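Among the features that TrEMBL reports, oxalate binding site is placed at Asn108, His113, Glu118. As annotated by TrEMBL, disulfide bond applies to Cys34-Cys49. What TrEMBL records for 63-211 is domain 'Cupin type-1'. Taken from TrEMBL, the feature signal peptide covers 1-25.
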Amino acid sequence: MSFMAAAKVFACPFVFVALFSLVASDPDLLQDLCVANKAAGIKVNGFPCKDEANVTEADFFYSGLANPGVINNSVGSVATGANVEKISGLNTLGVSLARIDYAPGGLNPPHTHPRATEIIFVLDGELDVGFITTSNKLISKSVKKGDVFVFPRGLVHFQKNNGDKSASVIAGFNSQLPGTQSIAATLFTSTPAVPDNVLTKTFQIGTKEVDKIKNKLAPKKT
């Protein structure tokens, strides 16, 4: 094998690693840990690190996914996050979890996670799940207890419980804080509001219909 050919073979793995690093969701960590110091008041991409002398096991523990979440909304589902906002030790680690519970007939409405791919594991029940590609193709499947399904980063996706029993999943993300944008709520309940003439032209509906949708989606006052 010539020197040039050997060099090319040797370089291939490093090129792959370099390219993969460019599409990774969260940046790689530069130390063993960087527990989030949420009281620092400093704006960075993530959170500044807590003094390691003050780090404890509590920074890496959370029991909030053990039990089903309380569903108290019109769509019939609730998501409980286990991200850096709940587990400070996740800062810079590039992973997080969530538990999603569905009432019979419940829906996790079409939404996106701008910073992460999502993978779900069905704990109980059966769901119809799917995502829409940028070429407007629906990829969907019915999943049941023990099944796994993946939603690519940034694509609109949903989960629907069409059964007569409750369902639940554990979702994993390759980001410490994947972010969630529900399509309907984003467009109809933003602050400041999206102009009515944008919504009427986009959805080919009148202002009365826009007002009805806004009223239905508005957060309930407690």
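The first residue you see is number 1, and the count goes up from there.
Cβ coordinates come from backbone N, Cα and C, glycine included.
Source: prediction; values computed, not measured.
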Residues near Cys34 (disulfide bond) in space but at least six apart in sequence (CB under 8 A): Gly46, Phe47, Cys49, Lys50, Asn91, Thr92
Among Cys49, Asn108, His113, Glu118 [recorded positions], residue with fewest other Cβ within 10 Å: Cys49
Helix-strand-coil residue split for the domain 'Cupin type-1' (63-211), DSSP-based: 22 helix, 58 strand, 69 coil
